[in-house]
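All remarks here apply to the structure that follows.
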Amino acid sequence: MVLLHPLLTAAALLGASARAQSVVGTPFGFASGTTGGGNAAPAAPKDTNELKEWLADPNPRVIVIDKEFNFIGTEDTCTDCECCIPDSNTCGDAGQNAIKTEGSDWCGSYPATTCTYDNAGLEGMEVASDKTIIGVGDAGVIRGKGLRLVNGVSNIIIQNVHITELNPQYIWGGDAISLDGTDKIWVDHVKVSLVGRQMFVTGYESSGGVTVSNSEFDGQTKWSASCDGHHYWSVLGYGKGDQITFANNYIHHTSGRSPKIEFDSHWHAYNNFWENNSGHAFDVGEGANVLIEGNVFSNVKTPMNPEDTPGSTFAVNAQDASSCTSALGRPCIANELTSSGELSGNDEAVLSGWPKGEGDTKAMTTDKVPSYVKANAGVGKLGSGGSGAASSSASITPSPTSSAIPSSSATPSSSAYARRHYARHHHY
């Protein structure tokens, strides 16, 4: 009998897993028809440089995230750089100061201060068209850098990946997943935690054909803009003409913008579970059209921000559930609220102009939502057939560099470039 070294055996098994990795489930909602890298041979990049290269190249790819890719320190550190103290930070080190981004006057007259942050987090990795990015089990982690889908890219699947630790101490520290001018994007079974700014954001250019599903937005943080251990900057939709299906997601320990939606867009939010939100969930701005059905809100202080909601919202209750039949081909499901504030919005005009491109959507009743979502949303829960198994995902804790910054610091020119480049694309 030949005995193999345990490390060699583990490496062989992981390699076989990478080769066998494929997307679980089928894109639905506005992202129906998305194929990502299609039949390209699955392959796992060897390091952060190769991951960046593969994401940005023009070839269809199935990119397997079979381990943690840690970008912290890979683009140097900005030491004692310009920052400010916003009015929201009334709790010192437990709050969030803001990075002063060149080209933006966000800091305005706020008191100036200095801060030290990692440059890699400021700008996400650019992802080209026809890509599938898929994690193995709960091992697929991208630490310290997000994903950026812009300039007309299309046909991209992101599944079973945990994105974490993008300068969580600082506003403008980095976005996990950002879209700006895209089409046919499926974000599924993703987890986001410990970010400086947005967990998921669409920029000003239209992002049509997008579905965000079965994902976990974990707002637990030591650096809170609301000074209560909850992350404020969560989900933001700013694209003119966005069409987004937002389904089966778990949004917890946030305090605002969960989501904030603006401009001429259509969002269909159903079968999501909001839990332990100390501020507001929905914030619907002018021009937005939002259909909210079959969701559960538990311990959410303000499910709908009434002070800043001039957009069109139809939040379904039991009395008007049948109104959806003409638009969706089925009755809507009423929302459920427990230990939460009021979910306002009864504008049935949202339905009259509903886009036909979303196709059939199947919603479960709210009594099933909390257990289903908590068992299936996030990483390590793909299971079979896309339904997911009730397994726990890997816990991510900040690396030592979150508080103990690496010794190498960026030159003034490289730090300034990073701040300018970030500000040019991030005014929201």
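The count begins at 1 with the first shown residue.
Keep in mind that glycine also has a Cβ here, set from the backbone N, Cα and C atoms.
Copied over from Swiss-Prot, here are the features:
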- ARG257: active site (ACT_SITE)
- 389-417: compositional bias 'Low complexity' (COMPBIAS)
- 418-428: compositional bias 'Basic residues' (COMPBIAS)
- CYS83-CYS107: disulfide bond (DISULFID)
- CYS324-CYS332: disulfide bond (DISULFID)
- ASN276: N-linked glycosylation site (CARBOHYD)
- 1-20: signal peptide (SIGNAL)
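Listed disulfide-bonded residues: CYS83, CYS107; maximum Cβ neighbour count within 10 Å falls on CYS83.
Over all protein chains present, the Cβ of ARG257 (active site) has 24 other Cβ atoms lying within 10 Å. Mapped onto three states, the DSSP output places the residue listed as 'N-linked glycosylation site' in strand. Applying an 8 A CB threshold to same-chain residues 6+ apart, the list for CYS332 (disulfide bond) reads LEU291, GLU293, GLY294, VAL316, ASP320, ALA321, SER322, SER323, CYS324, ALA363. Note: ASN276 (N-linked glycosylation site) has non-local neighbours HIS230, HIS252, HIS253, SER298, ASN299, VAL300, i.e. same-chain residues 6+ apart with C-beta under 8 A of its own C-beta.
Spacing of CYS83 (disulfide bond) relative to the residue listed as 'active site' is 23 Å (Cα to Cα, whole number).
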